[in-house]
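Shown next, in structure tokens, is the structure this report addresses.
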Amino acid sequence: MLRTGVKRRLGPFAGYDEDDAATGGVSRRSKYSQQQSQHYYYGHNQSSYRDSGASHPNWKRNAHLMPPPLSSPSSPPPQYDKNIAALTHLNKKLDCLGPDDLECLKAMIRIREARAQGRRPEPSSAPSILESSLVSSNNSNNNTTLSLGGGGGGDYHRQTSPDIRDYTTGSLGLCMFPMDLPDPIKLLENRYTDNDRHAPAVVTHDELINTNYLLLFRKHFDALPPEELRVLVQDRTFAINNAPSLDVVAAMADENLTYVKFHRVHNLPVNPKDLYMSTLGLIKYATFNKLNLGELSCLLDSPGGGGSDREYHILRQIANKPASPCRKGGSSAAAAASFDVLRRPPLSFKHPLQQALALIASFARIVGVIRRRSLRHSGPFFIRDFDDTGATDSYRCGMISELIFDYLPGHRCQNEICRVKLKKLLQPYTSTLFFCAYNNTRKHPNGLPARRSPERRAPDATPNIPRLAYRRSATTSPEVEPAPPSRMTSSSPRVDSRGGGGDRRGDSSSTSSNHHRHHTRRARTRSTHDSSSSGSRRRSSATDGRRSRRGSRRGEAQRESNGHHSSKSPSTVSSTTVHGQNGARGDSAPSRKSQQSQQQPETTSKESSKTAAMPPPPSPCSPSPASRERRPSKSPSSSPRPHDPPSGEPADAEKELATAGDEDEGVRSPGECSVATRRGSSADESSDSSSSSSDSSSSSDEEESDVEDCRELDLQSKRLEEALEERCERDFEADDEEFAEPIEEDDLHCSLDMEEDIEDEPLDPETESVWTASVTPLAAPPSIRILDHEPGDAEEEEESDTDFYDETDQPLNKRIHLRSATPTDDVIMECDLSYSEMDSD
């Protein structure tokens, strides 16, 4: 009985073979009888006892421990019914899908299956072929897995970014981006080329999310080599840390967050090493630092809120900045509050600045977790799997700039410091460096201080400066490498301000040849006819007067030396009339004839007499003949001087006048006459002072003649200006053949200044060039003055939006050459300063 009780309590032994007992076999406990080994109660035979699965005889006392009876093998498991219901529901949904949706679903299924197997799917393979390959790989006892590990699968795992070749515009259901947007691939490839740089394009939320615009950015990032991608990331890092204003930082933040939003909407795998994912953490700190430049204690103070100190404390916690000092015993409470702040939805904050910074912090935390996990796992990683606050769902493209700049301009307070800081915060700010310190007290090895001259250069505090470049001709010295023709624009580049800051500089490849030649001709004629503009008309007329008077005074001084008491012949009078009709073109004759005087001495006196009889053009610094007789000059330079040698030294006198004129050109004031003018006037005064005593009785006649001379000079100047304007208009409207025709002798003096510079002054290789505005990194000469646009040039801006430089067209007759500008010259180059914003790099 004792043995039976133990067995009853312990149940059957572990070595008891139930299968043998069921089939009638003899077990190891066969020495015991059937009744001794097992006791069955009334109504329960052995088969029912075994089928019930009871392991101990006291099951009647523990009925609640009795297991349920096993179902028949032919009946399906309970979960099979659930799968049938799910498949039936899914089948109904598939019936509602269209052909395009079904194609997208096939691509998604193929991508998921390939991702589950850990290998790269073939884009061209059909889903059925892919399924068969996957099934065969499962039934090959890991042979396929080993081959993948040593073949193409190893290359896939060594990739720095997940493969997104199967994510196409069609598979994602996207549209092509509008044609008015710049090409993303060209923007990234030509990011260091100033010619192809455009203003940032304003793109809407629908265009960014529903087109393939950002998908092209992502694919280009994946295709870049690791070295180029790292350089691009460093460029972005410096751009974020050196942003000139809060507006730029907010725009960069929206750019990064929009890129992440696109990945979340279309469920793209994240590349933790691309441009925008790598720099999202810097955006958070840059935004907080820019906001912290303002008076946050006043900006965050809202009526009815918790106070500015509490809101500022929350703002610092969002940016993971050290909390502000709190009272004793409040460290744990501050830590708990910061934990709650980081887990709150971004839009749950009541202040717009807090919401904007919370959105950036949430995106940065998601990407940071993915970047840390990518160091240990191969991925792929998706934004949806790490968004625990719903920040990616609540964000809309451009939301950061909207939250910040909808609140800051409307802030009103009585704090003067807050208003000054807010004004600076809403506009780009520049450096206020007044002096640069340099240590010149370095000691010698003997210990004595030695004063040295400054060697440190002042930092570039104004990086936004336009850079000018010019293209030299073939005859000049090649010290500066010329820029390529494709990067050349006009000498006065115009940017349409009505286009919202867009760059209207066209591409030479898309411009017709006629339009190209037309603007080339216009660019050259504009430098010749500088006096057509209203701003520089007076200055150019004064310059023309000084230049034309230079040649006339030389001939007049030579006539005085030969004999001023000779009378005028009728031929001289007739030549004077002809030259008066032709304008001031004949003024350059004295210089040409004086150079030929040594070879042809017999013709020098005639030519000088013809030149002396010519009346000078009007000028503010050239007095009339009568006024020169009445007003002797009081300056030492205009005092009477002895007569020059009669006719034996005309060349020496000419050289002396030219040398003195060149020396005086760089030291005289803008309103002062040149040396040639003063000496010519002094020669006239000395010659006329001898005959002034005999002509004193006719002073009234001289006054009347003076008035008539002034009227004639005024009429002549008006006629010349009108003819000059007509000439400029004809040149702008002329064809290429008309522009190539040589200029006849009866033309006006509109191009006299350029021709006379070539005759009177030696050609300088530095000045023989055609200036065109470009962004090539070349320094502008200090003698060139840069002027802003005048309001009166609006019509000219509309007419000449884009001017091109054609290297095949050379200046005609060497007329278009810019002389070296001195501090007193009035030759002014008009340059457009709107290109300064393009030289920030």
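Just so it is clear, glycine is given a Cβ too, placed from its N, Cα and C backbone atoms.
Look at Swiss-Prot and you will find 12-82, 115-163, 444-749, 774-811 tagged as region 'Disordered'. Per Swiss-Prot, the feature compositional bias 'Low complexity' maps to 32-49, 568-579, 591-603, 688-699 (among others). What Swiss-Prot lists as compositional bias 'Pro residues' is 66-79, 614-623. Marked as Zn(2+) binding site by Swiss-Prot: C298, H411, C413, C418. The zinc finger annotation in Swiss-Prot covers 298-418 and is backed by similarity to another entry. Sequence annotations record features per position, and here Swiss-Prot assigns compositional bias 'Basic and acidic residues' to 495-507, 553-563, 641-657, 708-731. Look at Swiss-Prot and you will find 732-749, 793-809 tagged as compositional bias 'Acidic residues'.
Location within the structure of each feature annotated in Swiss-Prot.
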residue	record	DSSP class
C298	Zn(2+) binding site	helix
H411	Zn(2+) binding site	coil
C418	Zn(2+) binding site	helix
>> Centre the Cβ atoms of C298, H411, C413, C418, go out 8 Å, and tell me which other residues of that chain have a Cβ in range of the Zn(2+) site.
In response: E295, L299, D301, R412, N415, R419, L422
> Among the binding-site residues C298, C413, C418, whose Cβ has the fewest other Cβ atoms within 10 Å?
Replying inline: C413
>> What's the number of neighbouring CB atoms sitting within 10 A of the CB on H411 (Zn(2+) binding site)?
In response: 15
>> Based on DSSP, tally up the residues of the compositional bias 'Basic and acidic residues' (708-731) by helix, strand and coil.
In response: 24 helix, 0 strand, 0 coil
